[in-house]
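Taken from Swiss-Prot as is:
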type	residues	note
SIGNAL	1-23	signal peptide
SITE	36	site 'Greasy slide, important in sugar transport'
SITE	67	site 'Greasy slide, important in sugar transport'
SITE	254	site 'Greasy slide, important in sugar transport'
SITE	422	site 'Greasy slide, important in sugar transport'
């Protein structure tokens, strides 16, 4: 009899649990998992690995941090052409010096990078257009080998993107990117609210194998009445950044040219390798700047490819004591595949920058970097990742600025191992 009761109990429990388990399973959406990471170990000519001017000399063998991004997203609703997608991302950065790196003593820093909702299918006539709101990386334009986003208006905001118009698509966004600790005189109220209007048009192909994108970013510092009463740095004008780029299929790869103009607080991006942050820490109402970028990835042979980034930037009056700033940077990375998984990588970079001041003096910066590495990757493509690299680098300050070995040397070397991945 006990056996019969036990059997009935199990059957009843199964009958009660099954519907709820089925419902729970049906209610759980698919989770998309994406991310990025880099980490490693290295030494230099004087202690731990050195990092110097990587946005102008190249990042290979010139990165000393541990960095990661973890992204979780899910389409939480889908019916016909209508979908609701939730996205989230956190990041972590540290110097990689310890086993357990926490926020204690700023050993590691964690950040909330993305938290947004993307709605598709509610705009009449274009089921692929997206209405979005929240915090996100917004259509960032990347130069990977120098770790620079030359067009990057990211943050909390809202907008409509990829609405088909003619041969391309238009995107319009309102994004917030505040400036912190602007002026110590305004105690407890030194952060300035800055709002951006970002308008882009992408996808027009003027001829076969080409594609374009154009955009305007309008930055509006939104000071409080208390900040206005202090004047000074808080008397910041609205600024604009214009971007136009054209890309072309070339020899099995591509080439891209970017032209940019910026003024006011956005002008300094043209010489700092920035992507659109507004400078509230200098007097910049008369500032103007220009930038030209050429980049490409060309397969020279079946096994050898070259990726390059050439940047020329010019800016005037980006501080109250600076007249002109000129910057030139060239970085090239070559890659030879021994097998599908083993490659030899070389990277060479050089830059020159001159700041001319209103008092007639000037300050020059220049340098070079040479790196050779053995890479192990999950395929033969140039950007195949994950990748493990064993590298050696030589860095040199040709203006004798002595940035290395406690400001006693104008050159140093790095040796180490780094892994990089995205998924």
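Note that the numbers count up from 1, one per residue, in the order the chain is shown.
In case you wondered, yes, glycine gets a Cβ from its N, Cα and C as well.
Of the recorded residues, residue 422 (site 'Greasy slide, important in sugar transport') and residue 36 (site 'Greasy slide, important in sugar transport') place their C-alpha atoms 4 Å from one another. Note on residue 254 (site 'Greasy slide, important in sugar transport'): other Cβ atoms within 10 Å of its Cβ, all shown chains, come to 16. Cα spacing between residue 67 (site 'Greasy slide, important in sugar transport') and residue 36 (site 'Greasy slide, important in sugar transport'): 8 Å, rounded to the nearest whole number. Under DSSP, residue 67 (site 'Greasy slide, important in sugar transport') is assigned to a strand (E or B) in the three-state scheme.
For the recorded sites listed here (67, 422), the lowest count of other CB atoms within 10 A around the CB belongs to 422. Taking the Cβ of residue 36 (site 'Greasy slide, important in sugar transport') as reference, residues of its chain lying under 8 Å away and at least six apart in sequence are, in sequence order, 67, 68, 69, 421, 422.
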